[in-house]
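**Student:** Straight from Swiss-Prot, here's the annotation block:
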- 1-21: topological domain 'Cytoplasmic' (TOPO_DOM)
- 43-58: topological domain 'Extracellular' (TOPO_DOM)
- 80-83: topological domain 'Cytoplasmic' (TOPO_DOM)
- 105-195: topological domain 'Extracellular' (TOPO_DOM)
- 217-231: topological domain 'Cytoplasmic' (TOPO_DOM)
- 22-42: transmembrane segment (TRANSMEM)
- 59-79: transmembrane segment (TRANSMEM)
- 84-104: transmembrane segment (TRANSMEM)
- 196-216: transmembrane segment (TRANSMEM)
Amino acid sequence: MTFVDNFEFNQNTPRLVRGPFIILNSIIFSLSFILLCSTGIIIYYLNEYYLVKDLTIPLGSFILSAYMVITTIVGGIAIWKKKLGLHLTFMVFLVVLIVCLVGVSAKMIVDSGNPEKLQHKIENIWYKVGNYQHHSKHYHHGIIEIIEKHHRCCGWSKEIEGNYCVHFNRRESGHGYCAPYVEKSVESILKYLGYYGIVLSVIELILLILSGFFLLKTNKNVKSKSFILQD
């Protein structure tokens, strides 16, 4: 017994619908692939400091962007093969993706507006990185030294490190603590990623609407599903 899916997309489906679908799907694929590569590099770098488990946002973004890439590939194949089952699978993937992406993006935006909670997390990470660098080859040219050089700052705060600096060796006049600079940078990154995710969600929602429109344009044979008996 062989199962045959007799649903096929209408060959006369206007290009006005199919064209935007392919364009939007390609845009989402490109943006998600860029995000996948970026978060992969960040995770690789953070893993060197054993920080991946402390920073769930990069890991979550990596998993979500990988899911986006897979979803867009399924969508591309669904359009190419013109099969209803594959297209329905793509739509289910897309709904799950939109829900997850909106949730993660909203959390990033909310976290960026909560400086006290954010400050505590960043401070703990700075402390762990500092301890790790003191006992490893990464003491010089490590992430703390890079931050101090870039912002011309010294240490995290007076309560944490006093007059100690990785790069400047001692506190000099004009070298403030790094906490305000790092916190501001992290807040900006979280806000940027949050709105980036919201924009992607809107594009995916439009793609979902186009996908639904495709289903209305399918042709049905006399029997939507048929079974062929073979000897």
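Here the Cβ of each residue, glycine as well, is placed from N, Cα and C on the backbone.
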**Student:** Excluding the flanking five residues on each side, which residues at least 6 beyond the ends of the transmembrane segment (196-216) place their CB within less than 8 Å of a CB in that stretch?
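**Tutor:** For the transmembrane segment (196-216), the sequence-distant neighbours (Cβ-Cβ under 8 Å, at least 6 residues beyond its ends) are 9, 13, 17-18, 20-21, 24-25, 27-28, 31-32, 35, 68, 75, 84, 87-88, 90-91, 94-95, 97-98, 101-102, 104-105, 108-109.
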**Student:** With helix taken as DSSP H, G or I, strand as E or B and everything else coil, how many residues of the topological domain 'Cytoplasmic' (80-83) land in each class?
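**Tutor:** DSSP composition of the topological domain 'Cytoplasmic' (80-83): 2 helix, 1 strand, 1 coil.
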